């Protein structure tokens, strides 16, 4: 594994060097020689000079994310071995796997509950329950390891929390909650599938007991793939799990740049103290709001080894709606006065890096055609950011697709395709940004989850 880690670091540095050498003035051999000063740039381009400089400097907003991802891959092996249970099973605390759903896909929920129950048993876990929290019944059959909680239509929280946050808060109410403060909750989406390795990783995390919250990696290219393009887009999320999220949870012990809403492991007592009842602004990206609020209250986080499985959106429209909601929700978190500024500062920078993506990606076309003088540190930093994103897509593709399952030829084809379609991925993200900025923020779109309804 040490060799694999070193090889991964060498690939990372090779890609960064390539981008820095060929993407910056350090190694460029442009026929179109740039002006030497801002004044000469102004004389050559006029008012357009301001736009050129704006695009260059706005790209630096993505630097914190790039650095976090870089450190995550350098400090930690991105291809860890599957975890093995470190404590005797009888000593494992009670674990509740909580699935929140609207109830629109009852058959999907029932099938996944059965599969996840079997996975827990296969991993050796005994002291657990899978709890489905739904707006309407999914016709689950209650058992020793399964129960269903229906959120009343007239239920309201004190602060007016909405959507998923409202359902999660309902579970924490005294007359609904059946767990002790020392028990643990694993939050899952309705399409999330556990793996034996993720269950073992969770067991080790809760038995360790040093941290109140944790999260691990989710992959999206599992079983049947409906849309390869959108699945390739999601490979970036896989890479960020092992880079940015792993670094901030294992080193900083807080999700300072946000985290996912699924594969969240919480000690119930800490979760109840933080609460999901934080008003409408916390309800669109309730996961990141909750995580940063918990960090501001002094709770500790860790990264969990072992991956879970989900599906990428099936249609481009669903993908855009999903990204739009994330952007709008993160904007609300970044501007929330309830969270101390020092805890949401870096998140705010990252959100505005996302918002300004249409301008910063324009550098790909503007820089060769309209070269301008910028400090070398800025030039190299922007190229460094580009190299990191390219590495993330490559690693995410390698980690998402199993060579044994897809075959060597198809694996290489997917890897090359993932690189080739990167510009199209950027275009799609830019469309989502524009849509998110000019539409109402307090909405919660749920992507289609049941493949059979699309066939």
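Cβ coordinates come from backbone N, Cα and C, glycine included.
Please treat TrEMBL annotations as automatic predictions, because they have not gone through curation.
Copied from TrEMBL, the annotated features are:
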type	residues	note
TRANSMEM	7-27	transmembrane segment
TRANSMEM	47-76	transmembrane segment
DOMAIN	184-368	domain 'Glycosyltransferase 2-like'
TRANSMEM	345-365	transmembrane segment
TRANSMEM	377-396	transmembrane segment
TRANSMEM	408-428	transmembrane segment
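Beyond the ends of the transmembrane segment (345-365), by six or more residues, the same chain brings 54-56, 58-59, 61-62, 64-65, 256-258, 288, 292, 327, 330-331, 333-335, 382, 426, 429-430, 433-434, 437 to within a C-beta distance below 8 angstroms of the stretch. Residues 8-9, 12, 38, 41, 239-240, 242-248, 250-251, 257, 346, 349-350, 352-353, 356, 359-360, 362-363, 366-367, 370, 372, 374, 378, 381-382, 384-385, 388-389, 391-392, 395 of the same chain sit 6 or more residues outside the transmembrane segment (47-76) yet have a Cβ under 8 Å from a Cβ within it.
Mean pLDDT across the domain 'Glycosyltransferase 2-like' (184-368) comes to 94 in this model. Nonlocal intrachain contacts for the transmembrane segment (408-428), taken as residues 6+ away from its ends with a CB within less than 8 angstroms of a stretch CB, comprise 228-229, 232-233, 235-236, 316, 319-320, 323, 357, 361, 390, 393-394, 396-398, 401. Under 8 Å from some Cβ of the transmembrane segment (7-27) lie the Cβ atoms of residues 34, 70, 73-74, 77-79, 371, 374, 376, 379-380, 382-384, 386-388, 390-391, 394-395, all in the same chain and six or more residues away from its ends. Below 8 angstroms of C-beta separation, residues 8, 11-12, 15-20, 23-26, 56-57, 59-60, 62-63, 66, 69-70, 73, 78, 232, 234-240, 242-243, 363, 415, 418-419, 422, 425 of the same chain, each at least six residues beyond the ends of the transmembrane segment (377-396), sit close to that stretch.
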